[in-house]
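> Sharing a structure here in structure tokens format.
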């Protein structure tokens with residue numbers, strides 16, 4: 001079980017007739033400093049739904065961009081229908097029979113449904129568009145996909161899910177051989193996704209080869225026939241979905257045996273206990289946002305470190321953003337200090353003593369052109385209001401204090417932040433929020449992409465903050481880290497909070513992985 | 001270890017999916033219907049209040065007096081639907097009239113001058129379109145440069161008004177087309193109406209026309225759908241340049257003269273007419289017919305002021321200003337509802 005299928009020869013896996021419609025061998029793609037794809041083989045048969053799996057940075061998007069002609073390859077071979085091809089642009093790959101539907105619908109919502117399907121290929125007579133014929137054909141095509149739409153209505157009168165399906169209709173009508181669906185379900189709810197799957201199965205039965213990318217493991221198992229796993233730009237293997245248990249799939253994606261993960265875990269560091277009688281700072285009941293995170297219950301106490309665990313796209317960041325008012329909840333209640341509040345904006349969250357250090361420090365956090373001092377002072381100044389500038393002497397005092405406390409290197413407050421290393425940038429970002437003396441600090445992926453030493457320092461800092469009574473909501477993809485720091489762990493899967501675990505002796509990475517892979521353990 | 005109980009919360013937010021698929025009536029016609037209503041109200045108010053306002057010549061003269069604006073507004077409509085703007089049109093008019101008058105004065109044959117000036121206007125438009133597309137320059141800036149360039153060329157050629165004595169031009173200027181008994185019109189109005197009809201046809205029935213809408217709706221999507229985005233963008237500015245040059249020719253026919261300070265601020269009138277006619281400044285929505293209505297509203301305000309007799313001409317601008325505010329707010333409300 002779970003053994004890679006043979007990639008040699010063109011023998012089709014059972015249940016699929018004929019050779020592959022698309023075959024990629026030894027694909028290599030190099031970006032400055034990174035090998036994005038390293039000798040990857042991939043094949044796609046007519047009449048199958050094939051899932052491409054891998055963590056962030058595994059090379060999935062690069063492979064898709066190679067297929068759609070956005071990137072040219074540095075090595076390897078692509079054959080389509082038996083003859084070698086080389087794509088140099090999206091148009092060319094489309095003409096060769098590879099169509100892509102992206103997560104964000106790439107249609108013109110100001111045009112009608114029929115036009116969106118046919119634009120650029122409208123039936124014409126003497127140069128004049130035959131609207132009637134176009135509408136008739138569009139209606140026929142949609143009926144084939146089991147969609148009942150008014151084809152003359154503009155696309156923006158329909159939901160995103162329907163728009164996605166119109167995009168698929170266009171794609172299969174343009175060229176019906178290979179259809180790439182890149183994260184099509186990420187903004188759909190369960191019933192919409194189900195409708196999409198119905199269409200995918202129908203197209204598969206008609207002989208279309210479908211490449212499907214999704215972060216939702218359940219969906220992969222529901223709809224795909226085979227899957228290919230990538231990790232760090234390398235091919236891990238090609239498997240039949242039905243023969244590969246979810247836990248093994250997750251192992252292959254992450255690249256560590258669960259047993260090994262368990263051994264890595266340093267049990268001694270997990271003995272930290274929550275001080276008894278701590279008051280809850282924040283408690284959420286049924287808080288949720290459609291399309292982002294299913295309603296969840298969560299209580300965070302003073303001095304408590306709450307870890308959020310889950311795969312990328314499982315809703316970790318979405319949950320954190322709701323608690324910071326960056327996105328507005330559309331259901332449920334939130335209490336802070338026992339009082340009902342509604343967080344309309346980050347400003348209102350900040351007034352309640354909530355701080356949020358964002359996942360994406362480069363685009364959402366750090367302003368590279370400003371100095372360390374200016375970056376650190378930013379949030380405090382915003383909280384005070386811009387009409388009351390913080391005196392320079394006070395600024396210097398505060399900044400010096402935090403540069404020392406967090407050991408920011410170089411310890412020069414006037415240096416531009418972009419010249420600092422990733423770890424130090426992260427510390428500057430933390431300092432910015434610590435200076436506002438928050439009662440609840442939300443940190444999203446603080447240790448991603450920084451070196452081991454800086455990582456340890458940031459972990460130490462979180463522990464110290466917690467000892468000082470600050471509550472921390474700690475979001476990290478690294479289970480070891482979550483286990484080491486957290487008092488309790490919230491496990492997310494498919495945009496749903498599936499389990500809450502007190503971090504006690506029995507809990508280890510294996511246990512959390514089980515939940516991530518298979519849903520809540522009953 | 002506890003499993004989070006989410007049952008009550010889930011019940012509370014059971015998604016009411018069918019609601020998201022309800023068909024909404026097409027909101028894109030609302031601005032144009034509002035303009036049509038306004039136009040009719042204005043017209044019948046005029047008929048009720050002034051003698052002779054109901055005569056057909058009033059309507060026919062609307063087209064005569066606003067032929068230039070109409071032609072320019074047609075080109076502008078294409079540009080605005082792609083999400084762009086063309087500030088150069090007024091200057092292109094002045095360049096065209098000055099050049100036409102100068103060349104005719106120098107004895108060039110009119111049948112050489114006419115295509116030449118039209119070609120020049122188109123080329124200037126094409127150049128601006130190319131700059132906008134290839135160098136990703138904001139249309140505002142690129143056409144502002146075009147404005148200075150064209151106006152500069154006009155002033156360089158001649159700063160004074162140049163009379164046209166060419167026979168062909170004179171004939172065109174004086175030729176009267178009898179539509180009905182006592183109702184006559186000029187070549188310029190007929191040209192403008194033909195331009196409007198052709199443009200409406202192109203926009204609704206050709207691939208180029210539909211590409212214009214697609215580019216204005218979402219240029220990135222249009223590119224991924226394999227549409228010739230760059231070619232379409234350059235084409236609309238070329239078309240706008242052509243329309244402006246044609247406007248200049250009509251101007252020189254109407255006034256049998258050329259003047260470098262002609263058409264100042266006309267680009268703004270054209271934009272105003274488009275907006276009042278329901279063309280969305282953000283692109284992707286609008287009709288030539290709407291811009292026609294916009295121009296007629298503009299013309300009708302002036303007609304009413306003339307009939308009233310004791311009103312300052314500045315009222316035209318004041319009313320246009322108020323209408324613009326009103327229509328921009330209307331567009332905002334309509335598009336917000338649609339999203």
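Going from the start of the chain as shown, residues are counted 1 onward.
The backbone N, Cα and C atoms fix where each Cβ goes, and this holds for glycine too.
TrEMBL: automatically predicted annotations, no manual curation.
As the structure is a computational prediction, the values presented were derived from the model and not from experiment.
I grabbed these lines from TrEMBL:
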COMPBIAS  B:7-17  compositional bias 'Low complexity'
REGION    B:1-20  region 'Disordered'
TRANSMEM  B:29-48  transmembrane segment
TRANSMEM  B:68-99  transmembrane segment
TRANSMEM  B:111-134  transmembrane segment
TRANSMEM  B:140-157  transmembrane segment
TRANSMEM  B:178-205  transmembrane segment
TRANSMEM  B:234-253  transmembrane segment
TRANSMEM  B:274-301  transmembrane segment
TRANSMEM  B:313-334  transmembrane segment
> What residues in the same chain, six or more past the boundaries of the transmembrane segment (B:234-253), come closer than 8 Å to it by Cβ-Cβ distance?
67-69, 71-72, 74-76, 78-79, 81-82, 84, 86, 88-90, 92-97, 100-101, 114, 117-118, 120-126, 128-130, 132-133, 139, 143, 164, 169, 172-173, 187-188, 191-192, 195, 208, 212, 262-263, 266
> Please work out whether the transmembrane segment (B:274-301) lies in contact with the transmembrane segment (B:68-99), by counting C-beta pairs under 8 angstroms that are 6 or more apart in sequence and asking whether there are at least 3.
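Contact criterion met.
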> What stretch in B:29-48, B:68-99, B:140-157, B:178-205, B:313-334 has the biggest tally of Cβ pairs under 8 Å against the transmembrane segment (B:111-134)?
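Counting Cβ pairs under 8 Å, the winner is B:68-99.
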> Suppose I define contact as three or more CB-CB distances under 8 A, residues 6 or more apart in sequence; do the transmembrane segment (B:68-99) and the transmembrane segment (B:178-205) meet it?
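Per Cβ check, the transmembrane segment (B:68-99) touches the transmembrane segment (B:178-205).
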> For the transmembrane segment (B:178-205), find every same-chain residue at least 6 residues outside the stretch whose CB is under 8 Å from a CB in it, and list them.
56-57, 60, 63-64, 66-68, 70-71, 74, 77-78, 81, 172, 212-213, 243, 246, 250, 253-254, 287-289, 292
> By Cβ distance under 8 Å, which residues at least 6 away from the ends of the transmembrane segment (B:29-48) in the same chain are close to it?
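For the transmembrane segment (B:29-48), the nonlocal Cβ contacts are 54, 58, 276-278, 287, 289-290, 293-294, 296-297, 300-301, 303-304, 307, 323, 327, 330-331, 334.
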